[in-house]
Structure formats: C-alpha cells, structure tokens
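Summarising the annotation, TrEMBL assigns GTP binding site to Gly26, Pro27, Val28, Gly29, Ser30, Gly31, Lys32, Thr33. TrEMBL lists 218-238 with the feature compositional bias 'Basic and acidic residues'. As annotated by TrEMBL, domain 'CobW/HypB/UreG nucleotide-binding' applies to 22-191. Feature annotation from TrEMBL assigns region 'Disordered' to 218-245.
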Amino acid sequence: MGAVHDHDPHRAAPARGRALRLGIGGPVGSGKTALTAALCRTLRDELELAVVTNDIYTTEDADFLRREAVLPDDRIAAVRTGACPHTAIRDDISANLDAVEALEARHGRLDLIIVESGGDNLTALFSRGLADRQIFVLDVAGGDDVPRKGGLGVAAADLLVINKTDLAPLVGSDLDMMGRDAARVRDGRPVAFTSLRERPSAPEVAAWVRAVLREAHEEAHEEAHQEVHDEAHRDAASRAHAPTA
Ligand SMILES: Nc1nc2c(ncn2[C@@H]2O[C@H](COP(=O)(O)OP(=O)(O)OP(=O)(O)O)[C@@H](O)[C@H]2O)c(=O)[nH]1
Ligand SMILES: [Mg+2]
C-alpha cells in the first residue's frame, strides 16, 4: 500500500486511544449503504459503533440508516459534500473529520466509526488522515470487466468487496474472472464476494473488520509498551549522567 499513499498530504493519526476509522467507498449504487447497515447490525452488540455518511445534496443515506434503526439516531451523522464526493474524503476532509470528532465527543470511547463516501468513480480513495482502513465496494452488475480495468479503489483498498453476486446469473457476470482479475492487481490484499440481498449480515466482511480491530489493538499495545520501555531507558540514561553527591 505504501507507494499509493506516499504522496498523501494527510498522515494517518495513531489508532491508539480513539476509534478505528473505516472508510467505505465505491461507485454509485454498488451497496455501500447496504454494507454499512449490515456491519452495524452484525457488530453493534459487540462494539461501540458510529457512522458518518456523505451525500452530495441530501442526507438520504443517513436517513435510510436511521429508518432502518441500525444504530440509535445520535450515532449517525450526515455530511453534505456539495461537490465531488471524492474531494470530501480525499482533499478537504475537514467536514468529515469534524463529524467524526463530534461523534467521539458525544459518545466517549467508540471502537469503530464507519465513514461511507458518496458514490464516485474508480479512482476515489480515502485520505489516510480520515480513514485508517478502507473497503471498496463494486457490484457485479457494474460490469465484470471492472476489476480488470483496475483503478486505485480496486487495486489499493484494504478490502475489495464484490457485491450483488445474486445478480451475476441475470447480468451474465463471470465471478471467477472478476476474482482472478482483482487478485492480479491487488498484490495479495483480500477480496470478498457478497450478496447483501441473500446474506444481509455480511459475515465475511464483519470477520475482516474484527481481524483489523484485533490487529490495531495489538499495534497500539506494542506502541504503548515501546513508549514505556523508551521512557525507562531515558530515565536510566539521565540517572547515569547525573552528577553524584
Ligand atoms: N440484488 C441486490 N441488490 C442489492 C445488494 N446490495 C444492495 N442492493 C441494492 O442496491 C441498491 C443500492 O444500494 P445502496 O446500498 O444504496 O448503494 P450505495 O453504494 O450506498 O449507493 P450510493 O450511496 O447512492 O452511491 C439498493 O436498492 C439496494 O437494496 C445485493 O447484494 N443484491
Ligand atoms: Mg449510499
């Protein structure tokens, strides 16, 4: 992933002490809101969750999530981007960061904040200053040649979800080919096939999220351990150099 983000002007903030921020991006209508709803339903009893949605002119995605009662209303915030959706997740992330921080201020310790991007083209990736990890959602009806065509989202997202597999026979999409093409450009990063219509709890994506959280906790633990070690080392060094009475 490194090469993709080397020029990212926004550096990732440390995950320690705050919620992990998970971006969900992808083309219009691929199932980003359906996946957000699925993750909320599956994970809400085990994690402290909140959601930020991005729409260009409306708050439709947030309204949908509230109507579906996937989380209490005050855990769902809407950002109206008023411009290209990718600008709000990549270039000027301030409105999204404000929304994330307001949720954290209101709810105290959260484990996971999902940020759903507005539907956009294949090149839109989240700034690492906004999202610690990101999922890119394609759907099989958008064309089975999309993974082959690549694009940053397909190639570099931490997890690629290929959704609406239930529609594959109807639209004549070749799932095996989509999987092979995605694997070719993704350098070992994972791909999940989902049908949120047939399996609305998205168990494979929820399992991936749990694994990511475990990994983030382990990293934070190691970092904290390293800091304690460094401090002890500094104290010992300054004692060694202190003049003796
Ligand atoms: N058949 C089928 N339909 C699905 C599936 N997942 C989502 N949908 C439908 O696809 C439509 C778009 O889903 P959304 O979740 O709103 O897509 P989105 O990516 O959030 O769309 P935007 O936010 O507008 O870009 C809705 O009518 C969903 O019910 C699926 O796995 N199979
Ligand atoms: Mg949506």
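Note: Cβ is positioned from N, Cα and C throughout, glycine not excepted.
Mapped onto this structure are the features recorded in TrEMBL.
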residue : record           : Cβ contacts under 8 Å, 6 or more apart
Gly26   : GTP binding site : Lys32, Ser117, Gly119, Asp120, Phe136, Val137, Leu138, Gly153, Val161
Pro27   : GTP binding site : Gly119, Asp120, Asn121, Leu122, Val137, Leu138, Asp139, Gly142
Val28   : GTP binding site : Gly119, Asp120
Gly29   : GTP binding site : Gly119, Asp139
Ser30   : GTP binding site : Gly119, Val137, Leu138, Asp139, Gly142, Asn163, Lys164
Gly31   : GTP binding site : Val137, Asp139, Val161, Asn163, Lys164, Thr194, Leu196
Thr33   : GTP binding site : Thr53, Asp61, Phe64, Leu65, Glu116
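Ligand 1 lies within reach of Ser30, Lys32, Thr33 from the binding-site residues Pro27, Ser30, Lys32, Thr33, judged by a C-beta closer than 6 angstroms to any of its atoms. Summarised by DSSP class, the composition of the region 'Disordered' (218-245) is 24 helix, 0 strand, 4 coil.
There are 28 other Cβ atoms within 10 Å of the Cβ belonging to Lys32 (GTP binding site).
The binding-site residues near ligand 2, defined by a Cβ under 6 Å from one of its atoms, are Lys32, Thr33, chosen from Gly26, Pro27, Gly29, Gly31, Lys32, Thr33. In sequence order, Gly119, Val137, Asp139, Asn163 are the residues of the same chain, not among Gly26, Pro27, Val28, Gly29, Ser30, Gly31, Lys32, Thr33, whose CB sits within 8 A of the CB centroid for the GTP site. Taken together, the residues of the domain 'CobW/HypB/UreG nucleotide-binding' (22-191) have an average pLDDT of 95.
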